[in-house]
Structure formats: C-alpha cells, structure tokens
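If you look up TrEMBL, you'll see 34, 261 marked as active site, proton acceptor. Annotated substrate binding site per TrEMBL: 132, 309, in sequence order. Residues or ranges marked as domain 'Alanine racemase C-terminal' by TrEMBL: 240-369. The N6-(pyridoxal phosphate)lysine annotation in TrEMBL covers 34.
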Ligand SMILES: Cc1ncc(COP(=O)(O)O)c(C=O)c1O
C-alpha cells in the first residue's frame, strides 16, 4: 500500500505507562492526554490505559474531556487549564474535575453548585514560581475561609502546582518544591480533606523523588520521550509514534541545478533525487529544509531543497531507491533511527511540538498497531 501514515504503537504506550509506574513506585500516575494525547490519539490512548489508571486522565480543556466521555471513558478526568468559565454545566453533566486556579472560576463553580444544590469536585492549583496559572500561597487563608463557608458546594479533592524548569534548573525546581510543601502542610493542618497532591510532570518525576507527593502527571514520557534529550534511558521508555511515507517520484538532477523552491539547494554533483509525499502541511516545519534526514531502505538520506506544502526531496544517490519505496520520516529501520528529538533539533524546537504538530495533521492517517 502506498500510504502516508502516523503509526502508533499502543502497546508501547502501555509499556511506557507501566515503566513510569515502576519508576515512581507507590504514587498514582496521571496520564496527560491533552492535545489528542500529544498527537497519538486521546481516545485510543485512553482506551488502552483504562484499566491501569487509578486516579485521573488529564486533559487541557472541557471539550477534550467530553470527547473522552462520549467514547465511553468512565475514569475520572482532570481538566488542567481551561474550564470553569461558561462550561460549568458540562463539568456537572459529564462528571469532570476542573483544576481551579483563579477566584473568578472558584466563585462561578460555587454559584453553580448552589443553584443545583450539588457539590462539585475540584483540584486547586497554586503558583509556586511558574507565574502562569494558580493561586498564590498568600491566598491560602482566604481560600480556606471560602471553603469553610461553602463546603457543601465544593469538594477540594486535589491540590497541585506545576514546574517551570524540572528538566533544566535544580535551584528553581527545589524552590518550587519547598513552596508547594509549605502549601501542602498548611492545607493538611486545616479543615480541608484533600486526597491528591501533585506537582511533578515528566521532568519532575524523572529528577525529583521528593516531588512525588502522592501523584505525578506524566505527559511526554508516556509517549516515549524525556523533556530534554538525555543519553541513558532510566525509565525505560520508547517512542510510540512513527511517520512513514513513500517515494512518489525520482529523477537525476545535474551538478549546478537547483532543487525545489528558491532554490535553496544547488546540486554539487550529479544526484539521484527522490520526492517524498510529506510536507509542511503534514507537520514538518519549513525551517527544517536542508537539515533533516529520512530513512530509505535502511539508509539515512539527507533532505535537500526547500520543504514544500505536500512533499520534500531527499538525496538517494547512495541508496537503492525506487518510486513507491517506503520512507521513514520518524521511526526506525534495522540499523537507522530518527526520533522527535532529532527533528526538533533541526526545527529549533522541542519534541513536544514535533509530536503535536505532526499529530494534528488530518491529512495523515493514524494507524494503530
Ligand atoms: C499542568 C500540566 N501538568 C503536566 C503536564 C505534562 O508535562 P510533561 O509532558 O512534561 O510530562 C503538562 C504539560 O504541558 C501540564 O501543562
């Protein structure tokens, strides 16, 4: 079959989850499956993890959670960032747990619960140094007072924060852990009966055992990557997504001739050039032109010329290559491997953006293995 596919190995994702769980020990692992599970398919990933998840799946906003509910995902779902505005009725109807990070949202949830005479579960988010979302430690007394007055209407099930630099800066991260620990201790000595405390993302769970509290939120590691490329593989995780396409044309380009738009590449010898069906509309970044590689018949081939919307060119002068042959843009063959970290380096970005960008292209079929 001549196809352009994102091949997603759900068994690898399940193995990654189990290995993360082994690595962190006796704390709950919350799989972060926002942004369509970082491009891997939120519904399929959730379905494959259903029986392993003890506490929550985490998504970014309410609509992502509703999609999961509509596909029969019955586990608890935590909504990390965008909820509690005009969607409180949905939170109630679909039994979802919002992360509340602002008094505006807290009040709107209390008002709704009063009108319905219900008690909505929430997690509270505290800012410990990221300075993006979350209450400050100085808000704590006010929150505790508010809770005492409204305890029939809100159930504070969890308290959380988020790291800014857990993959890169020990000083900042340690300060965040200390700040969070202070908040946790104050809450534990109050009336609040909170079940979950969590701050660690993949970098946090990898590097800071003292940041586990009783749950960790695993995003990028679930999909087989570390937040920043490291040489060893302490958690024993593997990339779960491969991108495969095929050669749609092949030609000789003579020395001195240009290839593709611009042209940004001039042949410095007579070259065999293959044209591959995959372009920036499929999730490559145009700034990777003339930098990235692809695998053809177990050989690494350099990309040449400007990436187009639907295709790119590679130098196959030293490889047996025919029209129709498979091209691995991300993934492995017997002796070669290209991963999202490699592609990220060529685009001056991070593996997260490569996965979500390639993942969201509707032009590439997802194939689950
Ligand atoms: C609040 C929150 N928690 C956890 C994660 C997961 O982070 P990572 O993918 O680094 O594990 C994210 C991801 O952006 C997040 O926003």
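Any Cβ shown, glycine's included, is placed from N, Cα and C.
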*Looking only at Cβ atoms, how many others are within 10 Å of the one on residue 261 (active site, proton acceptor)?*
12
_Give me the long-range Cβ neighbours of residue 132 (substrate binding site): same chain, 6+ apart, Cβ under 8 Å, in sequence order._
162
*Could you tell me the C-alpha distance between residue 261 (active site, proton acceptor) and residue 309 (substrate binding site) in angstrom, no decimals?*
11
_Alpha-carbon spacing, residue 309 (substrate binding site) to residue 34 (active site, proton acceptor), which is rounded to whole Å_ = 27
_Sparsest-packed among the recorded positions, when each Cβ's other Cβ atoms within 10 Å are tallied, from 34, 309_ = 309
*What is the pLDDT of the domain 'Alanine racemase C-terminal' (240-369) when averaged and given as a whole number?*
97
*According to DSSP, which kind of secondary structure is residue 261 (active site, proton acceptor) found in, if we only use helix, strand and coil?*
coil
